[in-house]
Amino acid sequence: MGCKGIEDVAMNGRLKKEIEENGFGKMTEVQLKCIPEVLKGKDVVVQSPTGTGKTMAFLAPILSCIYDGKGRGRPGVTAVVITPTRELALQIREVAGLFDVKCECFIGGMSIEEDYKRMKEEFSIAVGTPGRLLEIVGKETKKFSSLSHLVLDEADKLLGFGFEEKLMQLLAKLPRNRVTGLFSATRNDSVDKLSRVFLRNPVSINVGNNEMPVALEYIVVSPMEKLLVLMDIVTGRRCIVFFATCSEVDFFSGLVSRAGFGNICKIHGKISQDERNRVYEEFFQRDGLLFCTDVAARGIDFRGVDLVVHFDVPKEYSSIVHRSGRTARNGSKGESVLFVMPNERAYVEFLKLKGIPAVESSYRMKSSLSYQDIKSMISPELLGLSVKAFVSYIRSYKEHFVSYILDYKGLDFDSLAELFFLERIPGMAELRNVKFEKFTKPARDGKKRALPKKKYRKKRAIK
């Protein structure tokens with residue numbers, strides 16, 4: 001991707017100097033294509049691979065407007081940036097904080113009373129999530145009456161996370177006479193519909209022929225082998241591992257930690273915002289592993305991540321792109337690996353049809369650990385987490401967006417039970433017609449304890 005210096009862009013001179021001093025002087029392709037159009041007052045719809053510098057592509061024109069005096073000194077807010085996740089909002093505020101502007105962040109999980117107090121202060125940029133911004137704008141509409149710039153970052157996810165109704169209400173409350181930008185790594189019908197309704201003759205900017213920031217490799221493994229391969233390939237690397245559910249993150253982070261892997265961080269939507277902020281800061285500063293759900297898949301810039309592992313097939317195929325974008329950022333190297341169980345092979349072809357090519361990895365299993373080796377590490381606390389993780393995974397799998405492609409009946413349920421190191425199979429409607437060879441299920445009256453069948457209780461190694 002070609003780059004030029006900031007000196008090639010016509011914008012405020014003092015801002016150029018500060019951009020250079022803050023390490024953004026070498027402009028990326030998306031910045032060079034986007035910034036001039038926004039400075040001319042044009043709306044833009046930008047599709048660019050994740051990790052290519054979209055944040056500065058929309059912040060630079062906003063900052064230039066403020067530095068030129070068009071936003072500074074005028075009453076109210078100059079720009080609003082809407083994001084799908086709290087962490088992305090906090091990161092954008094952090095980048096804006098490098099410059100001579102005041103930027104406030106309004107996100108869920110924080111005190112609304114404190115937000116109302118901050119609204120009484122003067123600031124130029126408001127960044128936040130749709131729900132909290134809707135509350136703020138609804139109470140202080142006048143403060144946003146002079147708005148000149150609006151940005152929807154990760155626009156496809158703003159529509160896909162269930163924010164659509166709140167987003168539409170929020171946009172309806174903001175002034176129409178503004179410059180609007182939609183930014184995302186993927187573009188779908190919902191984004192196009194949104195642009196037709198709220199943008200005026202937008203300039204379409206598409207950077208990069210391939211949405212994927214790195215080549216996607218896949219490894220065909222049984223459920224239990226997923227854990228063994230994970231423990232093998234993450235050794236000594238700075239890695240992010242994505243799971244389907246919060247309970248899986250809790251269980252596997254605890255298990256891998258007991259297996260001797262140091263500095264394991266975990267993030268998911270059920271963790272408090274203060275704790276999420278602390279964990280992000282810890283992982284940002286230290287090497288190690290981050291186990292998470294898709295809450296960490298969008299926009300967050302973790303430098304030096306050289307491997308992304310998709311432990312579970314994501315519900316939305318576009319998540320592959322955004323997850324993979326946590327590595328190979330801004331030209332650095334990285335890898336993205338998808339674990340595919342035998343019943344999920346059709347998913348690889350589905351990805352190819354969606355423009356996300358995947359190649360089978362040459363990796364060969366070489367783990368020295370066995371099922372019994374890892375099982376011996378299971379504590380009573382972890383055993384409790386394992387049942388919750390198993391139940392959440394089964395339900396998530398049955399409700400998968402492409403369940404018609406994933407062969408639920410073809411799942412190796414015995415290996416899946418081993419992956420979660422179950423002592424008994426929990427009673428679940430989703431397992432009513434499932435037969436286990438190595439485990440017995442509870443009787444319908446719930447009185448029968450389901451333990452591994454006798455012939456499988458002996459020590460066994462995973463081949």
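Using N, Cα and C of the backbone, Cβ positions are placed for all residues, glycine too.
In the three-state DSSP reading, Gly51 (ATP binding site) counts as coil. Take the CB of Gly51 (ATP binding site) and look out to 10 A: across all protein chains shown you find 23 other CB atoms. Feature annotation from Swiss-Prot assigns ATP binding site to Ser48, Pro49, Thr50, Gly51, Thr52, Gly53, Lys54, Thr55; the stated evidence is sequence analysis.
The compositional bias 'Basic residues' feature in Swiss-Prot is assigned to 446-463.
If you look up Swiss-Prot, you'll see 35-205 marked as domain 'Helicase ATP-binding', on the strength of sequence analysis.
Look at Swiss-Prot and you will find 226-382 tagged as domain 'Helicase C-terminal', backed by sequence analysis. The predicted model assigns the domain 'Helicase C-terminal' (226-382) a mean pLDDT of 85.
Per Swiss-Prot, region 'Disordered' is recorded for 444-463.
Annotation comment: Swiss-Prot describes 4-32 as motif 'Q motif', evidence class a curator's inference.
Feature annotation from Swiss-Prot assigns motif 'DEAD box' to 153-156. Counting same-chain residues at least six beyond the ends of the motif 'DEAD box' (153-156), those with a Cβ under 8 angstroms from any Cβ of the stretch are 54-55, 58, 81-85, 88, 92, 182-188, 190-191, 194, 298-299, 318, 322.
The Cβ neighbour count for Thr55 (ATP binding site), using a 10 Å radius and every protein chain shown, is 22. Of the listed binding-site residues, namely Ser48, Thr50, Thr52, the sparsest Cβ surroundings within 10 Å are found at Thr52. Secondary structure counts, DSSP: the motif 'DEAD box' (153-156) has 2 helix, 1 strand, 1 coil. Per DSSP, the motif 'Q motif' (4-32) is made up of 16 helix, 4 strand, 9 coil. Cβ contacts within 10 Å of Lys54 (ATP binding site), excluding its own Cβ and spanning all protein chains shown: 26.
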